[in-house]
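> Marked as compositional bias 'Pro residues' by TrEMBL: 1-11, 322-332. Under the heading domain 'Peptidoglycan recognition protein family', TrEMBL lists 14-164. The domain 'N-acetylmuramoyl-L-alanine amidase' annotation in TrEMBL covers 29-197. TrEMBL lists 1-35, 307-332 with the feature region 'Disordered'.
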């Protein structure tokens, strides 16, 4: 089989530990990789490995090696079933060989392997939700792979069942049936399994939002270097604008500080503040977040009045005097 192309993506590629990096023994998997018949990833299937959560970041390599050996030596598969694996620390590992940037066909979603890519988080997530680091990495991989093929992470995909089956919720279908599923869905949606666990499955809406953007929970928290009266902020010098967001920083390309609609400062996706010096007058200050997808979100505007000099105090003011009459008034 010829190797399909590796199209560019609309999202950046996350850091991925290669098979050599995690110590794959390639001698136990001598077969050539296979690729999706349509050469396009239409959906992402999310899994958990259903193993212990009690491992350290340094032990993730060994956990992946153990899963690889189990899939090949115990189950008799030609290679690791998942396309990608993620540990609880957010480290991403290359799964089935063939090129992480190509549409490799895995063995992770019976009946739907030919149109999907599979991402599995190390551990069990039936009652415990995966870490934010793990979910962030799942979102980053999904964004990158779906971005290669122009697929909307928040949309749906119509997949053709390669065999008859039943979902965990009880839905059944025949071979060749068309199933419409979320582009990012859990293994249980296409197979009778608890995978990826209730706690993780309930977080998939968040994963989709993090994958697609825009940045969520963006709010202007405070402006320092200034005083506030009512809803208006007053300053005589530079200001520092502080904000927060719920979307992980790894999915944010940058933040922009805007004054009267114009960008006056740009900060990294990890930043939570930026400085600006204002000209005298009344200004509208906002913060704009740029998600890695390019979608943007902007805070509500804060009104800031900049004064170049303090108002005069009563003692320093000059009051107008009554005119002096040219002829003194007579004594009374």
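These residue numbers are counts, starting from 1, taken along the chain as shown.
A Cβ is built for glycine as well, from the same backbone N, Cα and C atoms used for every other residue.
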> Using a Cβ cut-off under 8 Å, which residues of the same chain at least 6 positions beyond either end of the compositional bias 'Pro residues' (1-11) come close to it?
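Here the qualifying positions are 32, 34-36, 39, 98-99, 101-103, 140, 143-150, 292-294.
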> By DSSP, what is the split of the compositional bias 'Pro residues' (1-11) into helix, strand and coil residues?
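Tallied per class, the compositional bias 'Pro residues' (1-11) gives 0 helix, 0 strand, 11 coil.
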